[in-house]
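Asker: Sharing the features that TrEMBL gives for it:
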TRANSMEM  B:37-57  transmembrane segment
TRANSMEM  B:69-93  transmembrane segment
TRANSMEM  B:105-124  transmembrane segment
TRANSMEM  B:155-181  transmembrane segment
TRANSMEM  B:212-231  transmembrane segment
TRANSMEM  B:263-281  transmembrane segment
TRANSMEM  B:293-310  transmembrane segment
Amino acid sequence: MNKKQSLFHIAKRDTLPWYKSFAIRGCAILLALVVCAVVTMLLTGENPVNIFATIFKGAFGSARKSWVTFQNLAVLLGISLAVTPAFKMRFWNIGAEGQVLIGCLATAACMICLADKLPNAVLILVSLAAALAAGALWGFLPAFFKAKWNTNETLFTLMMNYIATQLAAFFIIVWEVPKGAGKIGIINQGTEAGWLPVVGGQKYLLVILVVAVLTVFMYIYLNYSKHGYEIAVVGESQRTASYAGIKVERVIVRTMVLSGAVCGLMGLLLTAGTDHTLTTTIVGGRGFTAVMVSWMAKFNPIIMIFTSLLLVVLGRGASEISSTFGLNQSFSDILTGIILFFIIGSEFFITYQVSLRKSGKKEA
Amino acid sequence: MFFDFASFLPRAVMQGIPLLYGSTGEILTEKSGNLNLGIPGIMYVGGICGVVGAFFYEQAVPAAEMNGILAIGIPMVCSLLGSLLMGLLYCLLTVTLRANQNVTGLAMTTFGVGIGNFFGGSLIKLTGSEVPSIALSTTSAYFSKSLPFAAKCGWFGQIFLSYGFLAYLAILLALLASYFLKHTRPGLHLRAVGESASTADAAGINVTKYKYLATCIGSMIAGLGGLYYVMDYASGVWSNNAFGDRGWLAIALVIFTIWRPNVSVLASILFGGFYILYLYIPTGTNLAIKELYKMLPYVVTLAVLIIVSLRKKREDQPPASLGLSFFREER
């Protein structure tokens, strides 16, 4: 054989024991942190130890900062949990951004239009129902078309994001306070109507508790329920699923409605729980980051806590670095990108095994 | 006529050109089976690299001594290099390391937009220069120079001849890409790779090479869209996030044109028109309606996406192995 052979031989591995695959991921994260430190060093001229100290200070430097970090963690984790069932089904929903935003919009609509017509408890329940329904609708549409006519869901959900954004922009101008300001500001600041109750004296505690419950629920739902099993089978092979008597179309629609509804719930928590306002950027790209969080954790809700923690701490730390050194806030996006690239790349070494070819001739 | 068509159309074209670059690049990429959701990030990188190149050149040479070829060449080479690197990174992860394309693409978008905004916002601080903001008007003048007799040709000149050279390059590239895909042998091979990589492999086509080349060239074309936006449309002024969601709109355009770069030439102008239609429709005092008009491109794309999947015509479908990575030993 005269043909040139590549230097490496690549073969699929058997499933690695968990400690080995974790060791590979750990190495990837370490390498990524080193690269992040080098990049930061080149841009700021600070030494790496100080850089990591600044990152840590930015995330946990004071009680207030820690609370914000945990609130960010809760929101990101919540959205990641929401997209997970669909991903496990290999339904590439990148529309979480829009599904959360439409939940925010529904909540804001209830808070603004019904504030003086209903007692507070009823108002919150109505907002909850509206947010869940809006999110579910945004999840239902792409799923319905996917199930019926195999419409590409990635592109469908992507378009739904912008439809939600423009709807929000429309209503922001309809409800703007004061007229001509182009924004809503804090809704019901005087009466606090429709605001979620503050638990334990901490503004962010409720969100954290809700997401903690959601994490446990999602873990059980995916691993120990009939629905979860059906999702896993559909994700592995749709043909096997329909052969086994699973109604694939129903599973797709049901799972996406659930996904969308949880996104809607996160929208409620954002608008009625912490931010008390509606802007077109209230979700801030977390719908997209959630996709990566969920994927990095291999769709396991418990591991997702750590992957989202990693990204949130890094993000908060990077914004501390950028304010300390007078740099642009987008610095955290660069660091996030670097970490993601390393983790995405490391998956290869978990699934495949690379060995050097000893000699082309002998092997042939 | 309700509105001034001769002023609407050129603006629609100028809005459309970045989308045309993005969609031509993405069509080439998708024809190889790679769904590159990193296009928005790549367009940011293409833009900012051009800005960085032009910035250093303008700092180094006084405006009067600037050489036209260098003033255009340096930003263009920088922009192409930047987007080439992004394309290589995407290929390394998805083709060589077989990572999930959606996740890689989204990470690239986060990273690319971050790079764009970071260097756009911090370039002055990092280089310690004494200018208040990045305004590369001299370089921009070279980029947006239109044909000298354009102004004399009345409405014809305004509609057809009033653009900088990058606009014509975009149309040329789109037509070339269309010809390449339909009428050449490498184009046929590329489509085969996107439809079924293992069949193409069995036929002796080097799948890895085609995927790398198509994706990298696609990225470089898309990057030029970012460059056109800053240098020509925005007259050399970089402002963070000004490029907005045009990258996603370019991906929408790919679906809208059902993977045909030549249709994209007109479709991008249509999209550009949708993008600015709200400025031309008299809405009186009701500003909110304008926001609904901005929804048009997305709704139309969604409608096309649904109709295409309803009709199930074989030549209108996305490349069959779009989004899947290829591993030879897998059956």
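Glycine too: its Cβ is placed from the backbone N, Cα and C atoms.
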Asker: Considering pairs 6 or more residues apart, do the transmembrane segment (B:212-231) and the transmembrane segment (B:293-310) have at least three CB pairs under 8 Å?
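Answerer: When sequence-distant Cβ pairs are counted, the transmembrane segment (B:293-310) does not touch the transmembrane segment (B:212-231), since fewer than 3 lie under 8 Å.
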Asker: What same-chain residues lie close to the transmembrane segment (B:293-310): Cβ under 8 Å, and 6 or more beyond its ends?
Answerer: 249, 252-253, 255-256, 258, 271, 274-275, 277-278, 281, 316-317
Asker: Grab the same-chain neighbours of the transmembrane segment (B:263-281) for me: Cβ-Cβ under 8 Å, and only residues 6 or more beyond its ends, written as numbers and ranges.
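Answerer: Sequence-remote neighbours of the transmembrane segment (B:263-281) are 3-4, 8-9, 11-17, 19-20, 23-24, 27, 171, 174-175, 249, 252-254, 256-257, 289-291, 293-294, 296-297, 300.
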